[in-house]
Amino acid sequence: MHVPGTRAKMSSIFAYQSSEVDWCESNFQHSELVAEFYNTFSNVFFLIFGPLMMFLMHPYAQKRTRCFYGVSVLFMLIGLFSMYFHMTLSFLGQLLDEISILWLLASGYSVWLPRCYFPKFVKGNRFYFSCLVIITTIISTFLTFVKPTVNAYALNSIAIHILYIVRTEYKKIRDGDLRHLIAVSVVLWAAALTSWISDRVLCSFWQRIHFYYLHSIWHVLISITFPYGIVTMALVDAKYEMPDKTLKLHYWPRDSWIVGLPYVEIQENDKNC
């Protein structure tokens with residue numbers, strides 16, 4: 001909800017241009033410095049879960065790929081840029097937020113997409129596929145400037161392909177723990193997306209009942225989805241790339257707790273000669 005005269009004062013240094021995107025939460029209601037208070041500070045979970053997953057998944061990253069650290073840093077950058085965007089409602093903040101999400105998705109594809117889903121012309125070569133992803137992402141980065149108001153919808157549409165892969169792999173899996181992890185990941189993502197869409201298309205309804213927090217709920221849910229999604233990809237990837245090792249699924253702080261952050265422990269498959 002726009003408050004006249006306030007956004008002009010908080011315009012970004014990026015040509016002093018405000019974003020065309022504004023969320024349902026009322027602006028500058030709790031602070032003269034923060035446009036959307038709850039949408040801003042709900043991003044703190046990105047800054048908590050990112051380092052925590054780097055710690056929990058450190059043994060995995062050492063044995064499979066150190067790119068995991070880069071993916072986690074991108075995840076934390078999303079939190080920082082999203083905080084900046086919702087604090088200022090600036091065009092620069094919007095682009096930084098959306099471009100960091102784009103590169104996080106690209107990194108995930110490059111590192112964990114099973115080779116059987118690669119385009120045939122790269123012939124199963126992950127290096128060539130990663131180059132293709134990088135080129136596509138660079139082009140897409142420039143396209144974000146063309147019609148900024150549709151960027152978020154385009155990013156969310158990538159989930160259609162991800163869901164196709166998840167559904168295909170789910171059918172192949174017999175491991176009950178992994179099937180449960182996938183199911184929880186999809187439910188969390190669906191709940192997060194429902195909050196995001198509701199904030200966009202039903203804003204007038206939420207304003208009538210004075211409930212402006214759906215986009216901040218999206219931040220919380222999607223930040224929780226990241227650990228579940230990243231561990232799901234690691235376990236699926238291990239079937240193809242680490243057949244000589246067993247990945248044991250655990251939850252922090254304890255496996256016995258109903259709610260926890262998933263991580264994996266790598267075990268060697270000992271074989272007698």
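Glycine residues also receive a Cβ, built from the backbone N, Cα and C atoms like all the rest.
Bear in mind that TrEMBL entries carry predicted annotations, made automatically and left uncurated.
Per TrEMBL, these features apply:
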BINDING   ASP22, TRP23, GLU25, ASN27, GLU36  Ca(2+) binding site
TRANSMEM  37-56  transmembrane segment
TRANSMEM  68-87  transmembrane segment
BINDING   HIS86, HIS215, HIS219  Zn(2+) binding site
TRANSMEM  99-118  transmembrane segment
TRANSMEM  127-144  transmembrane segment
TRANSMEM  150-166  transmembrane segment
TRANSMEM  178-197  transmembrane segment
TRANSMEM  217-236  transmembrane segment
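Residues 21, 94, 98, 101-102, 105, 113-114, 117, 144, 182, 185-186, 189, 193, 196, 232 of the same chain lie 6 or more positions beyond the ends of the transmembrane segment (150-166) yet place their CB under 8 Å from a CB of it. Where the transmembrane segment (127-144) meets the stretches 37-56, 99-118, 217-236, the count of C-beta pairs under 8 angstroms peaks at 99-118. Same-chain residues lying 6+ beyond the ends of the transmembrane segment (68-87) with a Cβ under 8 Å from its Cβ atoms: 19, 23, 33-36, 39-41, 43-47, 49-51, 53-54, 57, 60-61, 93-94, 96-97, 100-101, 103-104, 107-108, 111, 219, 223, 226, 230, 234. Sequence-distant contacts of the transmembrane segment (178-197), counting only residues of its own chain at least 6 positions beyond either end whose CB sits under 8 Å from a CB of the stretch, comprise 156, 159, 163, 166, 169-170, 214-215, 217-218, 221-222, 224-225, 228-229, 231-232, 235-236, 249, 262.
Calculated from their C-alpha atoms, the gap between ASP22 (Ca(2+) binding site) and HIS215 (Zn(2+) binding site) amounts to 11 Å. Within 8 A of the CB centroid of the Zn(2+) site residues HIS86, HIS215, HIS219, the other residues of that chain are TRP23, GLU25, GLU36, TYR38, ASN39, THR40, SER42, ASN43, SER82, SER216, TRP218. ASN27 (Ca(2+) binding site) is 9 Å away from HIS86 (Zn(2+) binding site) when you measure Cα to Cα.
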